[in-house]
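Engineer: Encoded as C-alpha cells, here's the structure I'll be asking about.
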Amino acid sequence: MSLTSLPSTTAAVLYGPRDIRLQNRPLWPPSSGQVQVKVVATGLCGSDLHYYSHGRNGDFAVRAPLVLGHESAGIVTAVSPGSNLHVGQRVAIEAGIFCRSCPFCLGTSPNSNGKPRYNLCKNMRFCSSAARFPHVDGTLQKHINHPAYVLHPIPDDVSFDLAALAEPLSVLIHASRRCGLVDARAPSKQKVHPQSVMVFGVGAIGLLACALAKHRGASKVVAVDINPTRLEFAKREGFADDVYCIPPPSSSTSTSAPLPDACCSSSSTTTTAPTTPRELADEQLKKAKEGAMAALSHFGNTDGYDVVYECTGAESAIQMSIFSASTGGKVMLIGMGTRAAYIPLSTAALREVDVLGSFRYADTYPEALELLCCASKSQPNGTSTSPSLPSLVAKLVTHRFKLSETSKAFEMLARGVDDQGGLVLKVVVGSEEDDD
C-alpha cells in the first residue's frame, strides 16, 4: 500500500521543551493483533508535563520527536483479523505494552508469588515514555494502532473522561494491593477493622488515593500538602476528612543561619549552623519529624496512620511519611521525584513500618473500570452524604481542550491556575466532536 493511498491522521508531536507541533501522518491499517482506535480523551499526566517543560522526565531524555499522552480512551475504528473487539466499541487504552513471555509477565518469577507482575517486564514498551529507544508514541493523536490485549471495553455508564482516568486510578489500585489496604465495606465472614489513611500531596494522584481509601471504608482519610487551595478543594469536595497545610520555612529555621538564642542553654552559649552534609541531613530529618508531629497533632492522632501514601516524591515528604506512620503501619512510595533520599530507616525498622515501592500497575484496568461504574450511586455505606468514587474522580477533570490546543493545555497545567485564577487539576485533551 502506497503512502499516497493512505488516509491521514493528526498528532501533537513534541520536538523539544515547549515545542509541540501538529502534524499530519499516514494512518496505516492495524497490523496483526492490533486494533485502530479513535482517541476521544487523553488526560495529561505529571510525567507528560515534565517532558513538555524540560524535554525529559528524570533520567529519560527525549531523543526523537515523541507523541505524549497515556491516560486515554476512545472508539474502535478498525480491527485486524481474529480480534475480539469490534468497530464502534468504546475502549480504555492501557499504555504499557508488555512482552507476555518473560517471568514477570508469566508470573513465574520467584518474586511474583504466582501472579503476573508485568509492570516489571524488562521488555516493556510504554507509550509516551522516553525510557526506551526507539520511543513508542502516546495517545495525543486522533488515531492510534494498539495491541488488542491492552484495550479494555468501557462499561456503558462510564464516560470517556472517566475511562481515561482508569489509568491513574490503576496506579492507586496497584499501590493499595501492595500495602494490603482492606476493603472494610466488602462482605466478609471475619470482622474487618477499617484502616486510617494519610496522603502526602493532593495533586491528581494524591486525590485519587484519598478517593479510593474513602471508597474502601477507611476509618479516617487525611491529606497533607503545601498548597492551601488544593487542600481546601480536597476537604470541600469530600476527598479528605481533614487536611493540614505545611507552613513555609522561615528564615529562623533555615539551616543556613544559626539557631536563635532562645534555643540555646544560656545566653553565653552559641550554636553554629550545621555545615557538613551529614549535619545538614540530620537537621533536615529533625525538621521532618517536627513537621510530622505537628501534622499528627493537628489531626488529633499522635499514634500515626495505618497506611501512608507518599504521592509527591519530595525528600522531605518521604521523611515525614515514615514519621507519620503508626507502629506496624505501611508507607507507600508512589511519587517519582527525588533520585536519592536520606530517610530514617532505623525509625522504620524499630517500629516495623514497612516502606514499599509501587511502580505503575498490573492487571488493574478491569477493576478500575468496574469501580468507575454507576456514578449516580452513593458509597456502599448507603448514606447520601458520602460521594461515590466515580463522582469524586469526575471532579478531578477541571479543564478540556481540543487536540489542536495541546500546547495551550500544557501551559495551563504548568501554571496550575486558569486565566480566571481557577484551580487546575486534570486537563483532558481531545473530544468526540473532533473530526476523523
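Each Cβ is built from the backbone N, Cα and C atoms, and glycine gets one as well.
Annotations in TrEMBL come from automatic prediction, not curation.
Below are the features listed in TrEMBL for this protein:
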COMPBIAS  251-277  compositional bias 'Low complexity'
DOMAIN    32-156  domain 'Alcohol dehydrogenase-like N-terminal'
DOMAIN    204-244  domain 'Alcohol dehydrogenase-like C-terminal'
DOMAIN    291-372  domain 'Alcohol dehydrogenase-like C-terminal'
REGION    251-278  region 'Disordered'
Engineer: Looking only at the domain 'Alcohol dehydrogenase-like C-terminal' (291-372), what is the model's average confidence as pLDDT?
Structural biologist: 96
Engineer: What are the DSSP helix/strand/coil residue counts across the domain 'Alcohol dehydrogenase-like C-terminal' (204-244)?
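Structural biologist: Counting residues by DSSP class gives 21 helix, 9 strand, 11 coil.
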Engineer: Sort the residues of the domain 'Alcohol dehydrogenase-like N-terminal' (32-156) into helix, strand and coil with DSSP and give the three counts.
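Structural biologist: Across the domain 'Alcohol dehydrogenase-like N-terminal' (32-156), DSSP assigns the residues as follows: 19 helix, 42 strand, 64 coil.
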